[in-house]
Amino acid sequence: MSETAPAAPAAPAPAEKTPVKKKARKSAGAAKRKASGPPVSELITKAVAASKERSGVSLAALKKALAAAGYDVEKNNSRIKLGLKSLVSKGTLVQTKGTGASGSFKLNKKAASGEAKPKAKKAGAAKAKKPAGAAKKPKKATGAATPKKSAKKTPKKAKKPAAAAGAKKAKSPKKAKAAKPKKAPKSPAKAKAVKPKAAKPKTAKPKAAKPKKAAAKKK
């Protein structure tokens, strides 16, 4: 009994190791297949770019070009069609004739130039990040611009003195108006003072009458 017990667990141990080896072989085989050549989309774009036909490259002509490049067209026929559809949807290829994978295809010049532009944009974006930091500095300048707001507030205070000055000016005309009536009563007072001067000759008459009384006394 003791001899048979260790033999039973020893049997499943190699059974567990074998699937690990199979998985490793499958992953190595998949890696070899992927590394065997470039993807279908790159081969299609190269074949379409190499053609000089203005109307575009047909599917049959494209397959011939791929076969000449050493690509197995018969086995990968479905991949070629899927690659064409994906390139058309992305905009790298333009379908001039037909629908789907069948028809004629032409390289999109805008997309070809656009592929080179993103690289330049990335380099430009890295440079643009530094000016972004410089753009933050003007924000500090906006903080310095806040005194302008306070400067705008001060004129409001200046307006109040101006209004007060206007009020004082408005008050001063009242004083001037009051001064005019004061001068007016003075002039009649002078006129009254002139009248008594004219009345003095009247008082001289009684003085002339006094000698008459003296003459009467002498009598």
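The backbone N, Cα and C atoms fix where each Cβ goes, and this holds for glycine too.
The shown structure was predicted, so the numbers you read here are calculated from the model rather than taken from an experiment.
Marked as compositional bias 'Low complexity' by Swiss-Prot: 1-15. Summarising the annotation, Swiss-Prot assigns region 'Disordered' to 1-41, 92-219. Feature annotation from Swiss-Prot assigns phosphoserine to Ser2, Ser36, Ser187. According to Swiss-Prot, the N-acetylserine annotation covers Ser2. Annotation comment: Swiss-Prot describes Lys17, Lys26 as N6-acetyllysine. Annotation comment: Swiss-Prot describes 20-35, 119-140, 149-160, 168-185, 192-219 as compositional bias 'Basic residues'. The annotation N6-(beta-hydroxybutyryl)lysine is assigned in Swiss-Prot to Lys34, Lys52, Lys64, Lys85 (among others). Summarising the annotation, Swiss-Prot assigns domain 'H15' to 36-109. The citrulline annotation in Swiss-Prot covers Arg54. Annotation comment: Swiss-Prot describes Thr146 (among others) as phosphothreonine.
Locations of recorded Swiss-Prot features on the structure.
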residue : record                         : DSSP class
Lys52   : N6-(beta-hydroxybutyryl)lysine : coil
Lys64   : N6-(beta-hydroxybutyryl)lysine : helix
Lys85   : N6-(beta-hydroxybutyryl)lysine : helix
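Of all the Cβ atoms in the protein chains shown, 6 others lie within 10 Å of the Cβ of Lys52 (N6-(beta-hydroxybutyryl)lysine). Contacts of Lys85 (N6-(beta-hydroxybutyryl)lysine) defined by a Cβ separation under 8 A and a same-chain sequence distance of 6+ are given as Gly100, Ala101, in order along the sequence. The modified residues under consideration are Arg54, Lys64. Their Cβ neighbour counts within 10 Å are lowest for Arg54.
Rounded to the nearest whole angstrom, the C-alpha distance between Lys52 (N6-(beta-hydroxybutyryl)lysine) and Lys64 (N6-(beta-hydroxybutyryl)lysine) is 15. Arg54 (citrulline) and Lys64 (N6-(beta-hydroxybutyryl)lysine) have their C-alpha atoms 18 Å apart, to the nearest angstrom.
Per DSSP, the domain 'H15' (36-109) is made up of 36 helix, 11 strand, 27 coil.
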